[in-house]
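Below you'll find the structure, written out as structure tokens, and then a few comments.
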Amino acid sequence: MIASRTPVSLHSLLVAGDHGKRCVAGGRKRGRVQRRHLTQALESFWRHAPRPAPPAAAARGEANRSWQPPPLENPAFEEYYKEQRIVREEEWDDFISVLRKPLPATFRINASSQSFKDICSKLENDFKRYLESEVSDEYGEDAIRPLPWYPGNLAWHLNFSRKQLRKNQALESFHEFLKHESEVVCAAPGSKTFQLLEMIHQSKEPGLLPRALVVANDVNAQRCDLLIHNMKRMCTANLIVTNHEAQNFPDCCLANDLSEIYKNDCKPQRLEFDRVLCDVPCSGDGTIRKGHDMWRKWNSGMGNGLHLLQVDISMRGIALLKVGGRMVYSTCSMNPVENEAVIAELLQRCGNSVELLDVSNELTELVHRPGLSTWKVQDKGSWFQNHDDVPCDRKNVILPSMFPASKSIQEGHSVCDDIEVNTGSNGSFSRNFSIEKTNKVYCDTDGISNSNTTKHSDSTPNSTGSNFPLHRCMRIVPHDQDSGAFFIAVLHKLSPLHECQMVEVTKTKVLDDDESLEELKKNSIDAHTSEDSNLTEVTLVSDDVKNDQAESGNRMNKLQDQCKWKGVDPVLFFRDLTVIKSIVSFFGINISFPLEGHLVTRSADPNNARRIYYVSKSVQEILQLNVVVGEQLKIASLGLKMFETHRSKDGCPCAYRLSYEGLPLLLPYISKRILCASPNDFLRLLQYRTVNFAHFIDARFGEEAASLIPGCCVVILREGHQNLDLGSTTMDPTTIAIVCWRGKATLNAMVSPPDRKELLERITHRFGLKALRVEEDENPRRQN
């Protein structure tokens, strides 16, 4: 969780990319059509009117051939970080030299994937040896190697960039392998959410659903859709995706007074989380090796403009955190105004309620450096060491919280259990209040520093330092392990925040006159999401959510038929017991896998639900709480698609069929409608999708299929010496199976072409069979 930015996730593989390109992915087909028409028009034009290019065009062609990429330099960038002393003076040349080199490609393997072992085997036995023999002269002996600090050899480092991976013919087969594994799940956002889900699923008892859940939030609706799409391969019923401004994430509080929240430990009155990953929007200059445009557009105002938003999001995360819980604050920025300054402000606001943890021993082989204790703030080319020096007309832009903070109690403040409170403000507790009066109230003490805090030996006597233990923060710098730059801090909540700390976030203006917040967010997205970071993402993890449901029944029934959020489908519990019993009976679902109370639909009319989703007990409890509090959560997605309606007229007695997405979860609990196929017949279904009963290689399998009444069924891959008898087949989440439809004379695989392709390649590789391709023509006559 702490270092999930460095590798991206593999299936399998989640390839990070430019946010703008991802947002317009839906228009690619239209774009291809337009480009094809344009190409045809141009070909027709030149065919009927051939003539040499005019001199001006020829000159432009020469100019294009002589075009060179912009230089990877920015004097303001270098001046800023030299002044901040983020590395020692003798390291500067190495540091800046690495920043100008392409970022090596990395990927992370999804250990919960069914093909996990196959992927590891292919990497270790095939590609590692091949790359060492073919490209070692060009890229070194360790052209591909596991990251030493990541457990289980599940994250890998390549000595070449993604561009080199695409262009080098010697790497073509490896590139195709990575592309395929990427296409099965698609790209970011979502790799950190995926990784958190992996953690909770790997920690569960065998055969049981995990008790924990993940709530992934994104302010951007389009990115929520992408995240939802990318999570399908995880096959989890323990995820909720919400669409809120992270700084205003609702707490679903039932208590009338904050003091009532902790009266009864058995019945919490609000939504709280055991872990919060606060992956805030940032300037993203730590991604400069992969986003070279950052050299051109970088300026110090980018970090200044995002600082207060980062503080507000982080404070909201702490407010949602349980006592005893932890919050990870992370950025892909090198700027102390976005990093240490934010952490210092959190510690200042929260007082003894929160502590900054030293987690340097968690990943011992991850080379990292301590956080800074001193830094300066730059505004319009001028440097400031404390807020007193900021001109009056800039004090609403350059805030006190941007400077190093001490724990001393200043004049004009009172103390509430060792927590500094500005008594003259009705807003949230912050050094940023009453900005016009800061010259009287805020006087940072020069030279204050903690004896344990790491300081640069060349710090100036007049520099202002923080006596918060900011050395416990972790800085990842590019030239230590040939990576990007990152910042990580882990905060531990010791006691509830006081009421004066839990008021609403203020809307303080912190922008330059010539730059809007939307522009800052855009710049942040362009670089920050290239490391698969969700804009204003607060990924929340909860182990146990209980609530007082005494009065919930009537309110739930009243709200079941409506949705508070415009443009968002309602989340309704599916309560048709007749349909549920029909599904249980048709597929022989064991009572140990309860459906009643765990099924929801997004259809406005739950009696005609087209899709039914399964949710875990923990998700169910949050939904019930959300209904009671008036649907404060804006839910974009939840649960796992388990059942879908069908339109078949073959006489199937069950109105719903199984969904391939939910099959791995449900399969161990199904006892009816199951067929076992040999590898050859299983591959035949995947290759052709529709197969006549008489065309299967194993005649007995065809007979078994024909003997079923029409409707949905499951076909399991028979491995080893298993026979066709169901009793000899052990079914668990690792079993390879697909959803099929038994028609009048055929068996039809209900699997998408990408999934069929992935299964074809995995099975042919496992059994050493001839490679096959997905046949798009489904005419059974071609199968003879």
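Count begins at 1; order follows the chain as displayed.
A Cβ is built for glycine as well, from the same backbone N, Cα and C atoms used for every other residue.
Here TrEMBL flags C332 as active site, nucleophile. Taking the Cβ of C332 (active site, nucleophile) as centre and 10 Å as the limit, one finds 28 other Cβ atoms among all the protein chains shown.
All protein chains shown were included, and the count of other CB atoms within 10 Å of the CB of D279 (S-adenosyl-L-methionine binding site) stands at 28. Annotated S-adenosyl-L-methionine binding site per TrEMBL: C186, A187, A188, P189, G190, S191, K192, D218, D279, in sequence order.
Summarising the annotation, TrEMBL assigns domain 'SAM-dependent MTase RsmB/NOP-type' to 95-494.
According to TrEMBL, the feature region 'Disordered' maps to 49-71.
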Checklist line | Euclidean distance between Cα atoms of C332 (active site, nucleophile) and D279 (S-adenosyl-L-methionine binding site), Å | finding: 9
Margin query: Return the count of C-beta atoms lying within 10 angstroms of the C-beta of G190 (S-adenosyl-L-methionine binding site), excluding that atom itself.
Written below: 28
Next item on the list: Round to the nearest Å and give the CA-to-CA distance linking G190 (S-adenosyl-L-methionine binding site) with C332 (active site, nucleophile).
Entry: 16
